[in-house]
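Undergrad: According to Swiss-Prot, the record shows the following:
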| type | residues | note |
| --- | --- | --- |
| ACT_SITE | Asp138 | active site, proton acceptor |
| BINDING | Lys69, 134-142, Lys166, 186-188, Asp194 | GMP binding site |
| BINDING | Asp194 | Mg(2+) binding site |
| CROSSLNK | Lys115 | SUMO1 cross-link |
| CROSSLNK | Lys115 | SUMO2 cross-link |
| MOD_RES | Ala2 | N-acetylalanine |
| MOD_RES | Lys103 | N6-acetyllysine |
| MOD_RES | Thr142 | phosphothreonine |
Amino acid sequence: MATRSPSVVISDDEPGYDLDLFCIPNHYVEDLEKVFIPHGVIMDRTERLARDVMKEMGGHHIVALCVLKGGYKFFADLLDYIKALNRNSDRSIPMTVDFIRLKSYCNDQSTGDIKVIGGDDLSTLTGKNVLIVEDIIDTGKTMQTLLSLVKRYNLKMVKVASLLVKRTSRSVGYRPDFVGFEIPDKFVVGYALDYNEYFRDLNHICVISETGKAKYKA
């Protein structure tokens with residue numbers, strides 16, 4: 001029986017790292033409180049998740065479905081590691097990619113209203129083994145809605161990999177199959193996670209400051 005893989009749990013009192021210890025774009029220095037997860041740690045953890053995905057799904061042709069926009073960096077890096085495992089293993093699998101775009105945030109709050117604003121015809125997923133790749137699970141409502149949508153197409157298998165899962169009282173209890181980091185209820189940006197489209201160009205995952213929220217508020 002398949003089990004959900006463990007995650008790196010970051011405690012509520014984790015202090016993070018001073019911005020001065022890392023290379024931060026000057027235009028964001030006043031907008032961030034701290035570096036929360038350095039880029040190198042993200043990459044090492046993603047490499048391990050790739051191994052977990054291959055162990056769980058590696059006997060099948062996989063359709064990797066990227067949730068845009070925030071998931072694109074994690075998606076690209078995860079697939080690079082999976083491709084490396086494919087190249088260096090006796091057992092390799094074909095993989096194809098597809099994309100879907102959802103919208104559920106306004107400023108720093110998940111609205112609970114899920115809008116599908118892009119993506120190809122999901123009927124192409126019928127009978128396939130699908131790996132959905134997401135940047136962050138907050139309340140879990142977005143992913144539950146997406147799963148209910150794709151399951152209408154009689155998938156052979158569906159698994160979810162999320163770089164982050166947030167501990168929050170607003171959670172509906174959903175937990176992905178593969179999780180990079182479990183984090184406190186803080187609004188984080190960087191590594192393609194955005195605040196109203198800003199901060200996607202930041203390599204590290206950081207905690208946004210109140211100054212940053214005010215500056216980039218919609």
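The backbone N, Cα and C atoms fix where each Cβ goes, glycine too.
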Undergrad: I'd like to know which of the recorded positions Asp135, Asp138, Asp194 has the most other Cβ atoms within 10 Å of its Cβ.
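TA: Result for the most crowded candidate: Asp135.
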Undergrad: At the Cα level, what's the spacing in Å between Asp135 (GMP binding site) and Thr142 (phosphothreonine), rounded?
TA: 12
Undergrad: Provide the three-state secondary structure of Lys166 (GMP binding site) computed with DSSP.
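TA: In three-state terms, Lys166 (GMP binding site) counts as strand.
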Undergrad: Sorry to bug you, but what's the C-alpha spacing from Lys69 (GMP binding site) to the residue listed as 'active site, proton acceptor', rounded to the closest Å?
TA: 15
Undergrad: Need the DSSP three-state call for Asp194 (GMP binding site) to compare against my parser.
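TA: The three-state answer is coil.
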Undergrad: Check the recorded positions Thr139, Thr142 for other C-beta atoms within 10 angstroms of each C-beta and report the one with the most.
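TA: Max Cβ neighbours within 10 Å, all protein chains included: Thr142.
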Undergrad: Within 10 angstroms of the C-beta of Phe187 (GMP binding site), what count of other C-beta atoms is obtained when all protein chains are considered?
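TA: Neighbour count, Cβ to Cβ under the 10 Å cut-off: 17.
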Undergrad: Using a 10 Å cut-off on Cβ-Cβ distances across all protein chains shown, tell me which of the binding-site residues (Lys69, Lys166) has the largest neighbour count.
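TA: Selected residue: Lys166.
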Undergrad: How long is the line from the C-alpha of Asp194 (GMP binding site) to the C-alpha of Thr142 (phosphothreonine), rounded to the nearest angstrom?
TA: 16
Undergrad: If one measures from the C-alpha of Lys69 (GMP binding site) to the C-alpha of the residue listed as 'phosphothreonine', what distance in angstrom results, rounded to a whole number?
TA: 14
